[in-house]
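Worksheet: the structure to be examined is printed underneath.
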Amino acid sequence: MIKAPRYHRCCTTVQSEYFVAAIASVLLLATVGSPAPRSLALIILLSLIIAASLLAAIIDWRADATLQASLLEKSTTSMPDYGDVRSRSSRDTEDVEKQDESPYLKMKDTSLVKRPKPEETEDFINEVDVGLRPRRHVVVILFSSGISLFLLLMVRLIAGALHFRGYPPLLDFGPKYGNPSEDAEGNIAFENELNSYGHCIQGVLSSLLSFPAVAGALARVAVCGEANKGIIHSVPRVPIIGLVEALAAIMSCYPTYNFIKRAVFHAGTFATSSFMNNGLEWAIGCILGLSLGMLASAGIRKKIVSGYLLNPKRTRKNLIFREGHDRSLVYGKYDEYPVGECFVWIIFAFQMMIGFFLTFSVYGCAILTGHTWNRCENNSNECLNFDADLAPAFIRYGLVALPALIFFISVMVTHGY
């Protein structure tokens, strides 16, 4: 009996894809079910997140189904049939007919085709899944920070709607700095201006470019003269992989810049500052980048699986750099190629530095938002959100506990990387 392949995927698994789609679905249903007007940008972005996540899950499922069918076919074609007593010519004629029916039988005499054992296929697909999943420090620092910031700002938007006079369906956080005047400037995400979409694009690139499937594909697209080999078998430009990961880290700088700017100039009214709408634009982009990255990983994985089933030797030769290495699949991780250790450490140190400041910004956002929940500018009492008492305990402590919980879950999920 053929066992199911031993998959150990992370951030490209069907479970992760459903998780991201579920978050977006809940928010989309809440937006659509609310009275008009609604934010068109929010509906479009959440719909894209759901569609990309579910499409990635479907592609993964179809690739697994194809793999299972191949394993079953190999197990049946490798078993000799001693009960067939027909003439050799009639058997040869039927073999030719079967050859046209099956995509995996390429020769008349299947005994001459060197096929990998089912165990070898399982191990190779395992290597593919390990090689295409993002690095652990990227998941723990970048992805968990992006998800935490998204959830924090959604709590501020929804739970504080009455307190701050906001309107969640329009991504309206209420008047800036709690200004009670009728002509007060709004604090609305995704207004029709270039800066709003620029923040979102930065968030998309910060997570999308962190996926090895995306970095590896870009490094192969940049190769001149090998376009006919596609994004699987062409030889990549290794420095581009490192530069793509560095660019992803650079795109993660905006929340840190945004936090420092608001904390310096508007620390007393941080909960009603522009950090809310600008940060949400970046965070929604980060979630969209996650879903697109999972979709790209699923597509690359399917191409690798299909190529391996048709030509195992060529696929392994083009994807494996060192036999016996614990990370034998070489696709989109620069440190698995023959590059200098100095280059590897520079990229890693740069990612960790940016990631540290990003994590610091998320926790700082949680602390300052809870601390300034009821406060006005210049310690006055003339703002919409003023209250002489402290913010509720679930706000002050819950906002800090939320990113800590996401961080803990990411550490546990990536254990054993």
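Count begins at 1; order follows the chain as displayed.
Glycine is treated like the rest: Cβ placed from N, Cα and C.
Please treat TrEMBL annotations as automatic predictions, because they have not gone through curation.
Look at TrEMBL and you will find 12-33 (among others) tagged as transmembrane segment.
Summarising the annotation, TrEMBL assigns transmembrane segment to 39-59 (among others).
Feature annotation from TrEMBL assigns region 'Disordered' to 81-102.
Per TrEMBL, the feature compositional bias 'Basic and acidic residues' maps to 83-93.
Among the features that TrEMBL reports, transmembrane segment is placed at 138-159 (among others).
With a threshold of 8 Å between CB atoms, the same-chain residues lying at least 6 positions outside the transmembrane segment (240-260) that come near it are 142, 145, 149, 199, 202-203, 205-210, 214-216, 218-219, 222, 274-275, 278-279, 282-283, 332-334, 337, 339, 343-344, 347, 350-351, 354-355, 357-358, 360-362, 364-365. Marked as transmembrane segment by TrEMBL: 240-260 (among others).
For the transmembrane segment (280-300), the residues of the chain that approach it from at least six positions outside its boundaries are 11-12, 16-17, 20-21, 23-24, 42, 45, 48-50, 52-53, 55-57, 59-60, 63, 132-134, 143, 146-147, 149-150, 153-154, 157, 171, 189-190, 196-197, 199-214, 216-217, 231-232, 254-255, 258, 331, judged by C-beta separation under 8 angstroms. Per TrEMBL, transmembrane segment is recorded for 280-300 (among others).
TrEMBL lists 342-363 (among others) with the feature transmembrane segment. Outside the transmembrane segment (342-363) by six or more residues, the chain places 137-138, 141-142, 145, 148-149, 152, 239, 242, 245-246, 249-250, 252-253, 255-256, 258-260, 334-335, 400, 403, 407 with a CB less than 8 A from a CB of the stretch.
The transmembrane segment feature in TrEMBL is assigned to 394-413 (among others). Counting same-chain residues at least six beyond the ends of the transmembrane segment (394-413), those with a Cβ under 8 angstroms from any Cβ of the stretch are 10, 139-140, 143-145, 147-149, 151-152, 155, 159, 359, 362-363, 366-367, 369-371, 373.
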